[in-house]
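Engineer: Annotations per TrEMBL:
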DOMAIN    A:59-88  domain '4Fe-4S ferredoxin-type'
BINDING   A:C68, A:C71, A:C74, A:C118  [4Fe-4S] cluster 1 binding site
BINDING   A:C78, A:C108, A:C111, A:C114  [4Fe-4S] cluster 2 binding site
DOMAIN    A:99-128  domain '4Fe-4S ferredoxin-type'
Amino acid sequence: MIVKYKPKRNWLQTIFHTEILQGLALTLSKLFSPPITRQYPKEKPPIYPGFRGQHALVRDPQSGTAKCVACMRCAQICPSRCISIRYHQEEETSRRVMDSFNIEALRCVYCGYCVEVCPVNAITMTDIFEYASYDRESIYFDKEKLLSNWDDFMSSSTYDQSSYVNPFWRPRGLPESELTAAKRVPVPDDWRIENQFIGRKARSKKITGGE
Amino acid sequence: MIKATTVDIPVSAGNEDHYRLRMGPQHPATHGVLRVDLDLDGETIMECEPHVGYLHRGFEKLAEHRTYVQNLVLTDRLDYIAAMANNVGYCEAVEKLLKIEVPLRAKYLRTMVCEMARISSHLLWLATHALDIGAMTVFLYCFREREELLELFAELCGARLTTTYTRLGGVRQDVTHSIMMKLVRFVDAFPANIEEYETLIDTNRIWLKRTVNVGTVSARDAVSLCLTGASLRGSGVDYDVRKHFPYAAYDLVDFEIPRGETGDTYARYRCRMEEMRQSNHILRQCIEQMPPGPIIGDDAPDLVMPNKPGRKVEVDTPARQGLIKLVEDRDIFMEGDVYVPTEVPKGELGFYFISDGNGSPYRMHIRSPSFIHIGALKTLAKGAMVADLIAIIGTLDVVLGECDR
C-alpha cells in the first residue's frame, strides 16, 4: 500500500488559506466542547483494582498481625532486591516466624511480582500513590509501617476488609486449580475464567462448531 | 530558531564562517538526553556528530544476574512510551529459547496490547514532532487519545507505563468486559480523531514547508543505514516484521503495510498516520476474534525460577508453592542462542540471547531501533539547516531510553 502524498492546492486555496481556516474552524469548535482536563490535586484520577501503588502487609483480623509465613518467595523474586526478611524457626512446631520485614520502596520498580508469588496473600500493593516525601527514612518501610499502610488503605478506601481481593492475588483468567489454597478467595464474576470476554466471531464459530 | 546551549570558539583562524554548536543533552527538541555536535557553515550543517550514553543503565549486564522472569521488568524501561511492545518482544524471544508454547488467547491479547502500544507511541511521536516544528494544537489533541489508552493499560495491568504485562508462556491478566467495552468505544472513535489531526497539519503550508524534501533518504541508503520501521517504509521499502516474520497472532489478522515513495519527512509522517489506521483495524479484528481459553500455557515456568540448574526453589509453604506450576522434570534451561525480531513502534526490536544452561542469560543483546536510527542521523543531517535537524530527529522517532539502555 503506497500512502497518498502531497495534496495539491489550487490557486484559490492558496490565496484564501483554506487549509489554515479549516484548522482554525476545528480549534474554534473545540471551544464549545466540554473540557477534558483533569484538575489533578482537586480531582483524583480513577484507580482500578490491581493498581500497583504503595506496599502494605495485610493485617490478619484474627491474630492482629501480619499473615507472612516467611517463605522468602517475595524476596527471591524481587528484580530490584528491595525486600529483606528476617525470621527464626520455632523449636517445637518448626514453623518459621517472621521477625522483620523491610521494603526499600525507593528501589522498588513496582512490578507486583511479590504480591503475585505470595502463597498466603500476606503482601499487597495498595491504591495509594501520593506518598512522596522529603526524606528517605519515611519511604523505607519496616513491618510496623507496612501494617499501618494497610490500615490507612482500608480506612481511606471503600473496600471491605473481609472481602478485599485484588487481581494480583488471583489473576484474572487463571483456573482455580492453579492457585494455592489461601488464594482461592471469592472474586467478582467477570474475573472468573467461565465469564471471560469472547469475541463476536469466535463465539459464533464456537456455537456452530459445537453443533 | 534554535537557541544554542554552548557555543565553542570558532575552529580555526581565517575560517570565521565555520563554528561548532553543541545541541543538547538538555535540549527539549532532542527527545531526551541526546547531544549533537554540529559543525556549521553559516546555518548549514557540515558535520553532525550524535553523542549517546547519557541514559545508560547497563540493562544488558544487569540481565546476566537476573532470571528470565526478572529481566522482564527491565524491558519496560527500554522504550518507555511503548512498554507493552517491548514486553511482548522479550517474551517471544525467551519463549523461543526455552521452547514454551503460548495459548491462542494469549497470542491475541499480545497482538492487541502491541497495537495499543503502537497507537499510543505514534500519538506521542506525532504530538512531539508537531510541537517541535511548531504546531501546538496537535500536541493537545494527541494526548487526549493517548490518555484513554494509558488508562486502559492501568485498568488491565495496574500501571500506565511500566506495564510488565506479559509472562513467559502467556500474559499476566485476562481482559474484562469493561476494558473491552472501553476499547471498542476507542476503536470506533479513533478514525475520526486521526482525521482531526490531519485537518490541522496534513495540508498546512507551514507543515509542508518544514517536512517536504527534508531529511530525504533513498531506499538503498535506508537499507544500508539499517533503518527499520516507518523510517524505512517511508523510503518505499516493503519490510515489516509483523508481515514477514509473524509473531503472536499477526498471521491471523489482516492488515496492510503503508509505505511512502519519496523517503522524506513528510512521507514518514504519512506512513505513521496510515499505520495508526491499520493498528486500529487490527485492534478491531482482535476484539472480534478474541478466542476463549487459558491465558497462560501449561508449560510456563514458575515465577520464582531457579537461577541455577539443580537448585531447588524453597518449598516451605502450605499447599502448592506458587501460582504457576513449577514443572520440575522438564529441562527448562536450554543451551544455545536465539535471535527474535519484533516490530515495535520505532522499528525492529530484536533480542539476542546466549544461554549456557543457567536460569539467567549468559548474554543478552538488545538490537534497539533507536540506537541504529541515531546512527543514521549523521547522514541525514548533512547539508541540512539547523532547524531541519529538529525535524529529522523527530521523524526518526528516537527514544533515548531504548538507545542507551
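Glycine too: its Cβ is placed from the backbone N, Cα and C atoms.
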Engineer: Pop the Cα-Cα gap between A:C114 ([4Fe-4S] cluster 2 binding site) and A:C74 ([4Fe-4S] cluster 1 binding site) into the table, whole Å please.
Structural biologist: 4
Engineer: Round to a whole number and give the Cα-to-Cα distance in Å for the pair A:C71 ([4Fe-4S] cluster 1 binding site) and A:C108 ([4Fe-4S] cluster 2 binding site).
Structural biologist: 20
Engineer: Going along the chain, which residues six or more apart from A:C108 ([4Fe-4S] cluster 2 binding site) have their CB under 8 A from its CB?
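Structural biologist: Sequence-distant Cβ neighbours: A:H55, A:S80, A:C82.
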Engineer: Looking at the binding-site residues A:C71, A:C78, which one has the fewest other Cβ atoms within 10 Å of its own Cβ?
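Structural biologist: Among the binding-site residues A:C71, A:C78, the lowest count of other Cβ atoms within 10 Å belongs to A:C78.
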Engineer: May I ask you to pick out the binding-site residues among A:C68, A:C71, A:C74, A:C108, A:C111 with a CB closer than 8 angstroms to chain B's CB atoms, ordered by sequence, or 'none' if no residue qualifies?
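Structural biologist: Sorted by position along the sequence, the hits are A:C71, A:C111.
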Engineer: Of the residues in the domain '4Fe-4S ferredoxin-type' (A:99-128), how many are helix, strand and coil by DSSP?
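Structural biologist: Output for the domain '4Fe-4S ferredoxin-type' (A:99-128) reads 5 helix, 9 strand, 16 coil.
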Engineer: Same chain only, sequence gap of 6 or more: which residues have a CB within under 8 Å of the CB of A:C114 ([4Fe-4S] cluster 2 binding site)?
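Structural biologist: The answer is A:C74, A:I77, A:C78, A:I83, A:I123.
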Engineer: Using the alpha carbons only, what distance in Å do you get between A:C111 ([4Fe-4S] cluster 2 binding site) and A:C118 ([4Fe-4S] cluster 1 binding site) once rounded?
Structural biologist: 14
Engineer: When you tally the Cβ atoms that lie within 10 Å of each candidate's Cβ, which of the binding-site residues (A:C68, A:C74, A:C111, A:C118) has the highest tally?
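Structural biologist: The largest 10 Å Cβ neighbour count belongs to A:C118.
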Engineer: Mind tallying the domain '4Fe-4S ferredoxin-type' (A:59-88) by DSSP state, helix then strand then coil?
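Structural biologist: Counts, helix then strand then coil: 5 helix, 8 strand, 17 coil.
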Engineer: Could you give the mean pLDDT over the domain '4Fe-4S ferredoxin-type' (A:99-128), rounded to a whole number?
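Structural biologist: Mean per-residue confidence for the domain '4Fe-4S ferredoxin-type' (A:99-128): 87 out of 100.
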